[in-house]
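Trainee: What TrEMBL lists as domain 'CARD' is 1-90. Marked as repeat 'WD' by TrEMBL: 605-646, 647-688, 733-774, 826-867, 951-992, 1007-1033, 1078-1119.
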Amino acid sequence: MDEVVRSSVLQNKQSFLRDLNPLYIVDHLVSDGILNEKEEEDICSQKTRNEKVKRLLDVLLGKDNHAVIRFRRALEVEGSSHLAELLKSRSSASSSDDCEGSSIDAVLWEGGVPPRPVVFVPRHEAEKALRSQLRLLQKKPGWVVLHGMAGCGKSVLAAEAIRDGPLLQDCFPGGVCWLHVGDVHGPELLMKLQSLCLRLDKAGSSGLPPPQNTLEAKDKLRHLLLKMYPRSLLVLDDVWSTHVIEVFDVQGRIMLTTRDSRVADHAHGNIYKMEVENEMKEHQCLQILSGWLHHPMSDLPVEAQLIIKETKGSPLAVSLIGAQLKDFPNRWQYYLQQLQQRKFQRIKRRSSYGYEALDEAIAISVQRLSDENQKYYKYLAVFKKETDILSSVLSMLWDKDIEDVEDIMHVFVTKSMVQRSHVGKLIVYRLHDLQHAVLYDLHSNEMPALHDELLCKYRKRCADDFTQLPNDGYIYHYLCYHLVQAGQLENLRRLMFSLDWLNSKLRTVGVQHFVGELLQFKNVLCSSGESAADTWQDFIDFLSPNGHLLVAREMPHVWQLALSEPVSSEVYAQGLRKVQEQGKDCVFVEWLNKATAPKLFWKTFRVHTGPVYGACFSPNGELVASCGGDGYLKVWKAETGEEHLSVKVHLDLVLSCSFSADGKRIATCSADGTVKVWNAEDGGLTVEYEGHDEDVLHCKFSHDVHEPILASCSKGWDIKLWGLKCKQPKATLLGHEEAVRSSCFSPDDLNLASCSLDGTLKIWNITSGNEEESVDVSGFLKEVPAALKTDLKACAWSPDGNKIVVVALNYIIIWDIENEELKLDGKGHLAWVHCVTFAPNGAHLLSASDDRIIRIWNLKSENVSVHGRLKKCIDVAFPSEDTMLIAAANEDDGLLVLSGETGDRICRATPEKHDVFCCCLNLEGVIMAAGYEDGDITVCDVHTGDVLRELHGHQKCVRKCYFLTQHPYLLSCSDDGSLRVWKWKTGDCLMAMKHSEEEVRGFCLVDEEVILSNSMDGSIKMWNLSAGTLIQTFQHHESSSSVLSCDVCLSRKLFASASADKTAMVWSLQQHEAPLTFRGHADCVRCCCFSPDGCLLVTGADDGTIKIWHIDDNRCSSLDMKGRHEGWINNLHFLSTKLLVSAGDSLKFWDISTGDLLQTFHTRGSDLVSLHVSLQRQMLITVDSLGLLYILRVMH
């Protein structure tokens, strides 16, 4: 349904409610096929006629124009021609006269349009010109931009222009909505968006939930303007930022007032600009003065013209003087002398405004207030410049009721001493920054005491505990500012170095605000000595690498995060105290061996709403530009993540971005096949290149400041080099045999490195265009499946020219140019990494990934643990209650045995073998075995590290090995489809059991004589180990789907299987009957686990979901957990009858009875596969994708 027809129906809704008999109309519409039986029943089931009419109109609005045409004809047939005429004309039947007077005021009042000021002087020419511009929006959405300097009357002019009946009737029959924006960012802008959506969706009739973030708010606003308020006008008053325009760019009819004429240049749709003159004509200024004094202009003294000359016709300045003259009409000469005798140089230095006489007008205004009002007015200097002041805060500060506060503030507003605006139902006030500067100077000696008084008021509200402050929309933003201004520096330190305060701030204003205050007040916080400086560093070290977690929708527990900090950290000490104070039902996890792990990440951020495909540092390292699947280029501060610029740059995915060497430009490229260069300051487009035939995957500037070269590479296997002065490529480099993913210049710009889907890293000579070297990176990635080894995503050249970093999947690989060798540097992301780049100082490496996280790595710190980077194959033995041994292999293929809660190394074995895939310990913890990718097995002495025996027999990778407890035997399974039982002391293979031709994924023991093996062919087989014979084959899973894991419940003689066919099955170990099948997962079921009593089965799937299934009475009902992992769930364990732990991207702890998520332990890496639980179920051991070992204690 087009917006004209929709608007017609909505506009005449009251007439239909008044006159329409719906039942007869419904009959016609059913006969015409417009309504179906269900819709007819829904309408007729409403209790009252009005409700029936409302429901009928709602249903019609969901259909097309034809439905309204048939509705109009039904009205004509039933004798409601007057209603049909309303629809036929497609506009309101009321005349323009009806729209005048009170009805116009009602429309404007409902839309929040501010009334005329106390003294109003029309500007007819400007109003007429603005209405002409607004009429250009009659048929199509677009923008009218009203711009001019502060104080020139933009808002008054905008409000007056729409105070016009014919304009509203012809162009904006859907009404007007006015929103004062101001200089807002982040949460403040979101709050304004939420308030606007709430105003428009008064009864929740849109059916959309309240928006939780800017993107959701934008979508809801678009829906409201399109569906519920078609052909309406949205007025954005006092817009400062292009970011605001991007947020409100919803294809509506929008007028905005702003100081910056370019603020909407990149908005979509037609843009019509109009500049407001900065000065009013003399007769208009005289009218203002005349209006304040209620005298004819002819009766005004000569000083009136002189005052206008001194104020240079500024509407704001003239209005301020007029307000004072109203109370003291005989002081013309006095005010003129006040203006003439001051030079105003001080104000020009303190403020960005250039209004001569304005500061003195403000000072005069203050001095002319009553003593009581002067006292109230001086309190306004307490608030930070350009801050919205809430009535509720003033009510507390002044000990006044809200109504009394509004009355007092009304006095200041009428005297043009305070600006008043609305944020939803809230009234907020703001001092002009010149007014603030003058007021602050007037009371500078009193300021510490005034700030202290404000703090005392807040202390009373929270029983002297600021961490318990209610969120009034103000104090969490500015409490630290007031403490500094009051000179309460020790209280500031106590507050900022408190986990309780951090926890409160995270839930109100966010981590970026807290980090910003730590940096802003660093000198003050650290000034009390070395201990304070250490504590400040502890908090910075805590927050920086956890930034992405602290802005996630699922907010982590701050105290739990604190337990992963070094024991010497003040953050850890506070976290431990808080945990010890909690009740018994709480679950926390302490990382016991964290001292052996390095700090890999300097900082992590989450700034995009989708995957991040590109990120780069500015030349000075202070800013980061990033881009991704949301189509935006964002520029933000590397220290805090605070947004500096956000621009919608491409219609398709933005795949890469690059700063120029001078930092003035940013290049972007996209799947739309274009490369664009943008102004880094304001986001303006400077040049666009079109030359690639397919998606442009990467772009990179050279280091030359004067004549930079831009390299771009594409799916078309080519690399193009561009100059900024020509839209034709300077050169095209050919040589790769697949899509070129990334390129980077050497520090001297003589060479270019590139990586490709063909698995190679190539180095080119820029001058000749010749290939100088080619490195096969794919051959180095032994752990990666063959089909993915060649997918090299990105590369970056270090500033010292010695290294090139290459990315494959989420692996980071370093090519040492001098030594010509590759080494693996780690995996820190949950998903594919699309971009890496060095910081200018070479100390940090930035990476961006599909997991929506941007990490900044610290390259100067040691990036591996004392044991090296461990593989995920570990085994744990508990020879006694007090003893724990861990078998592990690091990426150098050294076999390690670690002991105790801190993971101290007992021995290191170095067999002359490579590519360890699995390992195990015997029950006593004295023998270790390791299985290799070539099918061999090595048996070593735990205490000496000596190789005792090598076992040969498997033809392919050994997946799992296990020491039997009652016999000196070792059990193994392999990708060659077989299981083998070895007498390891002699090296003899006692028996070989062929499961299938497919990989045997694993096995589990029923007892020492019987085992179950699961295979890629979808079957499970039961074997007798003594005889080496097959007992039974279980084949109910799809043959093309792997059985990925099994679990045995001996108490009930059952076993369970999890399969890639998205099902889990429970089988009897004794009876040959069909299994109980559990269906409900939407993705591959990777793991399963019985509850201790065997009554429940828990399953985990690759989509991150967990389900609990009831086994008794063959009930297949399930309980879904209230939360999920971001990715595969690899392991599940019960820690008690009610407590479950799951391993995936993190460790999560669940209450089985309710499905509630009790706790999340975030590892530094991801992809937790092995998870071992101690006999007492208090200790957990795992390894993450970075090769870090976690020995964890569960604290109930």
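Here the Cβ of each residue, glycine as well, is placed from N, Cα and C on the backbone.
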Trainee: Please list the DSSP helix, strand and coil residue counts for the repeat 'WD' (951-992).
Mentor: 0 helix, 24 strand, 18 coil
Trainee: Do any residues, 6 or more residues outside the repeat 'WD' (951-992), come within under 8 Å Cβ-to-Cβ of it, and if so which ones?
Mentor: 917-923, 927, 929-939, 998-1003, 1005, 1008, 1011, 1013, 1015, 1023, 1025, 1028
Trainee: What counts of helix, strand and coil residues does DSSP assign across the domain 'CARD' (1-90)?
Mentor: 68 helix, 0 strand, 22 coil
Trainee: For the repeat 'WD' (951-992), would you mind checking the mean pLDDT of the predicted model?
Mentor: 92
Trainee: So what's near the repeat 'WD' (733-774) in sequence-distant terms, Cβ-Cβ under 8 Å and 6+ beyond its ends?
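Mentor: Cβ under 8 Å, 6 or more out: 656, 697-698, 700-704, 709, 711-721, 789-797, 799-801, 804, 806-807, 815, 835, 837.
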Trainee: In the repeat 'WD' (1078-1119), how many residues does DSSP put in helix, strand and coil?
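Mentor: Result for the repeat 'WD' (1078-1119), in helix, strand, coil order: 3 helix, 21 strand, 18 coil.
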